[in-house]
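Q: The active site, proton donor/acceptor annotation in TrEMBL covers H177. Marked as active site, acyl-thioester intermediate by TrEMBL: C239. Under the heading transmembrane segment, TrEMBL lists 29-54, 276-296.
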Amino acid sequence: MRDSPVSSTPSVLPLRRDRRRARWRLPRLPLFFAVGALLGVGLLMYPTVAAWFAQYVQSQEIDSYSDQVRDLGADSLEAQLEAAREYNAGLVDGGAEIASNERLPLANVPDQSSVYAEQLRSDATGIMARLKIPAIRVDLPVYHGTSEQVLYEGVGHLEGTALPVGGATTHSVLTAHRGLATAELFTNLDQVEVRDTFTIEVFGEVLSYRVINTQVVEPEDTESLVPVVGEDLVTLVTCTPLGVNSHRILVTGERIVPTPQGDLDGAGARPEIPTFPWWIVILAGSFVLAAVYVWWSGRPRRNSL
């Protein structure tokens, strides 16, 4: 009896079904892990990203200030500086107070007087000067007063102390936040050492200072902020320890006369910060790795023979 030919249809159908099943599928667990990893990277990178954008905005403000100062002309610049010197001459013993349990020093009269607010003002932004501290790569705008808005944007000048235009028997106090997640500001002020220098550019003038003293004081200790007869001083102030803010770091500089040629040559230059945003590379790389991981996890598995 002859065997009938075997039909090939039954063997083809399972093969087709296998091929239909061999498709990429979205894996839920790997997707969950990938999203969690990206969120973790994002949280870790947030301070870096926020600080970069803050530095970018500050650099734009400095550029704008420098352009406006150049446009004022020599006569207008000298008039502003002379008015500031007259204002300083009218100050009596500094008027500064470092309030207990506050993040930063406050003036005795916190609301700005109209006379003070009009000093060293080139536009509505309130920028009066530019502060550069090479040792810690700081290049920041200096604003009037020490309001919260000011201190989140840059450096504040403590009203009641001398305006930062130099002169004998003057003591200007400049303050900024430390340890903010969104901006660097004075975070590294504790790394500034004696004999380091910093520079203030103010309405066409370049004032250089050499650090002569760094100290940590109690909030009530304001003796170090009063003027010293015959001396031209600037003190930079911020809080310490980070997150506790129970004490104050004071970095005091004495005027260098004449101003070093290097500081004169660098006046008005575009800020060198922020540098290239390497965080973009890290975030992009993390996203690519997460995408590859999810794709690899969802790829069809080959059945072993």
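Every residue, even glycine, has its Cβ placed from backbone N, Cα and C.
All TrEMBL annotations are machine predictions without curation.
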Q: Would you mind reading off the Cα separation of the residue listed as 'active site, acyl-thioester intermediate' from H177 (active site, proton donor/acceptor), to the nearest angstrom?
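A: Checking the Cα atoms of the residue listed as 'active site, acyl-thioester intermediate' and H177 (active site, proton donor/acceptor) gives a distance of 7 Å.
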Q: Determine the Cβ neighbour count for H177 (active site, proton donor/acceptor): the number of other Cβ atoms within 10 Å of its Cβ.
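A: Looking across every protein chain shown, the total is 24.
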Q: Would you count the other C-beta atoms found within 10 angstroms of the C-beta of C239 (active site, acyl-thioester intermediate) for me?
A: 25
Q: Once the DSSP letters are reduced so that anything not helix or strand counts as coil, what is C239 (active site, acyl-thioester intermediate)?
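A: Where C239 (active site, acyl-thioester intermediate) sits, the three-state DSSP reduction gives strand.
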